[in-house]
Amino acid sequence: MNNDVVELAKDLISRPSVTPLDEGCQTLMANRLAAVGFNIEPMVFEDTTNMWARRGNCDPVFCFAGHTDVVPTGDLNRWHTPPFEPTIIDNYLHGRGAADMKGSLAAMIIATERFVAKHPDHNGSIAYLITSDEEGPFINGTTRVIDTLEARNEKMTWALVGEPSSTHKLGDVVKNGRRGSLTGNLTVNGIQGHVAYPHLADNPIHKAVPALTELAQMHWDNGNEFFPPTSFQIANINGGTGASNVIPGELTVMFNFRYSTEVTAEELILRVVSILDAHGLDYDINWIFNGLPFLTGDGPLLDATREAIREVTGYETDPQTSGGTSDGRFIAPTGAQVLELGPVNATIHKVNECVNVADLEILANCYERILEKLLCK
């Protein structure tokens with residue numbers, strides 16, 4: 001088996017690029033891409049390193065999208081091997097970012113190099129949109145690059161995001177959409193006082209519980225053939241001073257919606273506000289829009305990806321919209337078709353993150369085949 005993908009993945013993993021750090025990962029990638037004719041455009045916004053790279057000047061534009069940052073390691077004592085010293089054990093490459101998503105980045109680069117060597121005069125353009133701010137607050141990453149591209153009317157036709165989409169084996173699942181994400185930060189106001197004198201206080205916890213119960217039990221929608229029903233989850237709740245004899249003066253609650261295309265963020269906000277008002281709460285609330293839902297239906301990108309996976313692996317892929325959000329949510333509103341295809345996600349964000357070594361070569365072959373189907377017609 002050719003080990004080019006594994007060696008590049010190891011080089012990337014060895015760089016401790018905990019978000020928003022890049023630690024030279026993009027420079028490594030840029031040097032490889034420049035050598036095969038890409039124009040490299042670094043885009044640094046505050047603490048975030050981004051890269052837009054492009055080979056070709058005409059449509060259609062196929063873009064590989066991904067991130068060089070990784071989540072923190074967690075307890076180092078629980079790792080079998082140092083997280084930034086990539087190690088192969090029983091045919092699995094271990095290290096932080098192996099599956100999310102430095103293995104994918106390596107497969108993208110190798111696939112691109114092989115494709116360009118075989119098809120130097122390919123149709124359209126190949127691009128890369130890479131950020132070091134996907135695992136963090138996602139303020140100065142892909143969103144800022146998209147804003148820059150939109151301002152000069154530079155569009156992508158197709159975007160393939162290297163997120164670890166697979167469930168049991170490489171390519172068994174691709175993500176052809178994602179639910180929207182909306183976070184609410186609620187503060188319920190009361191009056192602090194002594195628990196022995198409740199008539200002189202106003203307990204915000206007691207007042208909020210019925211409203212929160214109604215929100216938690218609410219049926220928001222039925223979903224559809226592509227998306228499960230909208231989910232409401234309380235993520236954090238805090239109230240009280242820690243003392244047993246003090247009624248708190250306020251209660252704070254953070255909750256999140258993962259919502260389908262059957263409802264809008266605006267509709268969810270109106271329904272939440274109506275419930276809070278109906279319970280007579282004195283409250284303040286602010287909203288964080290994390291991303292709109294998107295869906296890529298049948299079309300050139302999904303068709304090419306299905307065919308490529310079938311030809312390389314021998315089995316069919318299953319397009320799904322489950323799971324968390326990705327930077328695909330920022331690309332989709334530009335009008336590009338967006339898919340996610342990457343390694344098995346069983347160990348992502350965990351200690352002892354790893355990826356099957358053979359899967360990296362399979363992934364590179366899938367990526368190369370997709371390029372051929374879209375840019376060699």
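Backbone N, Cα and C atoms are what each Cβ position is placed from, and that goes for glycine too.
Quick look at what Swiss-Prot lists:
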- HIS67, ASP100, GLU163: Zn(2+) 1 binding site (BINDING)
- ASP69: active site (ACT_SITE)
- ASP100, GLU135, HIS349: Zn(2+) 2 binding site (BINDING)
- GLU134: active site, proton acceptor (ACT_SITE)
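Here is what falls inside 10 Å of the CA of HIS349 (Zn(2+) 2 binding site) among the recorded positions ASP100, GLU134, GLU163: ASP100.
Take the binding-site residues HIS67, HIS349: by the count of other Cβ atoms within 10 Å of each Cβ, the lowest one is HIS349.
Counted over every protein chain shown, other Cβ atoms within 10 Å are most numerous around GLU163 among the recorded positions ASP69, ASP100, GLU134, GLU135, GLU163. In three-state terms derived from DSSP, HIS67 (Zn(2+) 1 binding site) belongs to an extended strand segment. Between the C-alpha atoms of GLU134 (active site, proton acceptor) and HIS67 (Zn(2+) 1 binding site), the distance comes to 6 Å. Rounded to the nearest whole angstrom, the C-alpha distance between ASP100 (Zn(2+) 1 binding site) and the residue listed as 'active site' is 9. The Cβ centroid of HIS67, ASP100, GLU163 marks the Zn(2+) 1 site; residues of that chain outside this set whose Cβ lies within 8 Å of it are GLY66, MET101, SER104, GLU134, GLU135, VAL161, GLY162, PRO164, SER326, GLY342, ILE348, given in sequence order.
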